[in-house]
Each structure stands twice: as structure tokens, then as C-alpha cells.
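Single-structure report; data block below.
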Amino acid sequence: MSVSQLSPADKAKIIAEALPYIQRFWDKTVVIKYGGNAMTDPVLKAAFARDVVLLKLVGLNPVVVHGGGPQIEDMLKRVGKKGEFVQGMRVTDAETMAVVEMVLGGQVNKEIVNLINQAGGKAVGLTGKDGGFIRARKLMMASKEKAGDLIDIGQVGDIIGIDPSLIAFLDSGDFIPVIAPIGVGEAGETYNINADVVAGKLAEVLKAEKLVLLTNTPGVLDKNGKLLTGLTPKKIDELVADGTLSGGMLPKIGSALDAARSGVKAVHIIDGRVEHALLLEIMTDQGVGTLIKSA
Ligand SMILES: Nc1ncnc2c1ncn2[C@@H]1O[C@H](COP(=O)(O)OP(=O)(O)O)[C@@H](O)[C@H]1O
Ligand SMILES: CC(=O)N[C@@H](CCC(=O)OP(=O)(O)O)C(=O)O
């Protein structure tokens with residue numbers, strides 16, 4: 001049944017159901033990670049932007065962090081390069097960094113800003129270079145094959161600190177921050193940071209009530225492709241060890257767990273391909289996906 005087929009009384013009931021959620025989340029920060037894989041369909045993108053505006057209008061402080069892995073991949077292909085990943089992180093040489101900054105900080109960021117503004121919000125696009133608010137240093141990745149070995153994956157950033165004041169300033173106005181996962185080093189150098197890592201750290205620093213990671217799967221799946229609705233640290237360790245979690249899910253789950261352990265009350269990985277997934281998760285008891293528990 002579509003919404004237009006509902007009786008006026010049923011429509012009113014659905015809207016009234018949101019009241020306890022609006023009361024609970026009023027003036028609370030919700031960090032939303034919008035994954036590059038979830039932002040493919042124009043109808044879904046417009047619905048996402050409307051959801052973000054609605055959350056802002058009913059009194060929450062939504063903060064959007066976006067990815068753009070597939071969009072970077074498309075651009076790399078056009079310049080004759082192929083992306084390479086180590087444990088879910090893109091190997092980033094200087095040429096790749098230039099493409100990443102252009103695609104994330106320019107194309108993808110401004111598209112989301114524009115969509116939110118079209119839906120009636122006031123979005124402001126930022127990278128970590130703005131106000132120097134995401135400080136990073138070069139990440140050296142621990143090898144899985146040889147304990148103690150470190151792998152150099154180029155200009156990939158490890159977050160040193162996030163200054164929450166710029167975001168708080170935007171929140172306190174009517175603005176909705178839209179953040180591209182790019183950090184800045186001490187000497188002004190540019191770092192590519194996985195968007196899940198930025199979202200997790202930001203949720204922690206902003207003392208967010210919720211972190212919602214929108215991706216292109218129903219949530220975390222087990223070996224048979226069945227949805228795991230709740231995950232403890234012990235279960236996550238098992239899933240990593242037996243290879244059930246791989247690729248982009250590795251930094252995602254690591255960041256989700258770090259955020260949950262650092263006091264973010266609810267961390268969810270949900271299916272961004274479901275229309276209005278964000279509203280369903282935050283404003284109803286129909287929350288779908290995987291909840292990450294801290295213990
Ligand atoms: N156990 C798992 N459950 C769900 N997805 C998984 C799992 N292991 C690996 N993945 C992969 O992780 C991907 C999501 O991460 P990623 O590609 O980085 O997307 P996003 O753009 O949302 O960050 C899924 O599309 C899937 O291919
Ligand atoms: C270091 C690293 O891997 N950076 C990511 C940043 C974008 C991202 O995280 O995009 P998704 O959320 O769509 O995967 C990259 O270059 O692809």
C-alpha cells in the first residue's frame with residue numbers, strides 16, 4: 001500500500017508516532033555517514049536530502065559526512081589509473097590525492113550541499129582543511145601478514161584531532177554541515193581519510209547521540225548473507241578473523257566500534273538503498289540494519 005492510499009487518520013497516526021523521537025533527540029547531534037555506494041540513484045539522493053532537512057527542522061543537529069569511493073574510481077579510470085586498496089583503505093599517491101580532493105571536496109560535496117539546499121535546508125560544505133578542523137598525519141598501516149611490519153599507503157591520513165568548534169558554530173545557526181573526509185597535516189599537506197573513520201571520530205568529538213552509517217547492504221551480513229541485527233566486540237573479532245568481514249566493511253566496523261566504545265549511544269549500519277532509511281532509523285521503531293554494541 002502506498003502512503004496516498006492511507007486514510008487521513010492513519011496518516012496522522014504515523015506522524016504522531018514521531019513525537020517521542022523528536023522529544024528524545026531534540027537539540028541532539030546525529031552524525032550521518034552517506035556512503036558513496038548509497039548515493040547512486042537520483043530519487044534516493046533527493047529523499048536523503050529531504051530526510052536531513054526534516055531532521056534539522058524538528059530540532060536535531062544533523063551532521064553529514066560523505067564518502068565517494070565509486071565516484072573517485074570513475075574519475076581515476078578517466079585519467080587512466082586504477083584504484084588499489086589495502087584493508088579497505090585506498091593507496092593514495094600524489095596524483096590519486098589530487099583526484100580524491102577534486103572529487104570529494106568538489107563534485108560530491110557540492111552535489112550533496114545543493115540537494116539539501118534544494119530541499120529547503122541551508123547546507124555548508126567543508127573539508128577538514130576549512131578552519132583546519134581535521135588535523136591528520138600520515139597513517140602507517142599494520143601488516144596483517146607479518147606482525148610488526150608497517151605498510152606505506154601514501155597520503156592516507158590518521159586523525160590527530162578534530163576541532164568541534166566550527167561544526168558547533170554551524171549547528172547553532174540554521175546550517176547543516178556537509179563534510180568531505182580530507183584532513184590537513186602540520187605543514188599544510190593534504191590527507192585522504194576513509195569517510196567512516198572521519199564519521200566515527202566526529203561522532204565521538206561532537207558527543208553525538210547517534211552515528212548512522214548508510215551503505216549499500218542491508219547491514220552486516222554473516223557467511224550465509226543473513227543480516228546480523230546486533231554485534232558485540234567479541235562477535236566482530238570472530239567475523240574479522242574468519243574473513244566474513246572484508247574490504248570497505250573493515251574500516252566501517254572498526255570506526256563503528258570505536259565510536260560505540262567512546263560514548264556514542266547508538267551506532268547503526270543501515271541500508272541507504274531503502275527510501276527514507278534515515279527517517280525510519282531515527283524517527284520510528286522500524287529501525288533496520290545492524291546495531292553495534294560497545295560490550
Ligand atoms: N560481512 C559483510 N556484510 C556486509 N557487507 C560486507 C561484508 N564484508 C564486506 N562487505 C562489503 O562492504 C561494502 C560496504 O563498504 P564500502 O564499499 O566501503 O561502502 P560505503 O561506500 O558505504 O562506505 C559492501 O558493499 C560489501 O561489499
Ligand atoms: C583512505 C580511503 O580509503 N579514503 C576513501 C575516501 C572516500 C570514502 O571513504 O568513500 P566511501 O565511504 O564511499 O567508501 C577513498 O579514497 O575511497
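Any Cβ shown, glycine's included, is placed from N, Cα and C.
Quick look at what TrEMBL lists:
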type	residues	note
DOMAIN	28-271	domain 'Aspartate/glutamate/uridylate kinase'
SITE	Lys33	site 'Transition state stabilizer'
BINDING	Gly68, Gly69, Arg90, Asn192	substrate binding site
SITE	Lys252	site 'Transition state stabilizer'
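Features recorded in TrEMBL, as mapped to the structure shown.
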residue : record                             : CB count, 10 Å
Lys33   : site 'Transition state stabilizer' : 30
Gly68   : substrate binding site             : 26
Gly69   : substrate binding site             : 20
Arg90   : substrate binding site             : 21
Asn192  : substrate binding site             : 26
Lys252  : site 'Transition state stabilizer' : 26
Recorded positions close to ligand 2 - of Lys33, Gly68, Gly69, Arg90, Asn192, Lys252, only those whose C-beta is under 6 Å away: Gly68, Gly69, Arg90, Asn192
Greatest inter-residue Cα distance in Å for the substrate-binding set Gly68, Gly69, Arg90, Asn192: 12
Recorded positions whose CB lies under 6 angstroms from ligand 1, from Lys33, Gly68, Gly69, Arg90, Asn192: Gly69
Closest of Lys33, Gly69, Arg90, Asn192 to Lys252 (site 'Transition state stabilizer'), Cα positions, recorded positions only: Lys33
DSSP three-state assignment for Gly69 (substrate binding site): helix
DSSP three-state assignment for Lys252 (site 'Transition state stabilizer'): helix
Check: same-chain CB within 8 A of substrate site center, minus Gly68, Gly69, Arg90, Asn192: Gly36, Gly67, Ile72, Gly83, Val100, Val103, Leu104, Pro181, Asn194, Ala195
Distance, Lys33 (site 'Transition state stabilizer') to Gly68 (substrate binding site) (CA atoms, angstrom): 11
Residue pair Gly69 (substrate binding site), Lys33 (site 'Transition state stabilizer') - Cα distance, angstrom, rounded: 13
Within the predicted model, mean pLDDT of the domain 'Aspartate/glutamate/uridylate kinase' (28-271): 96
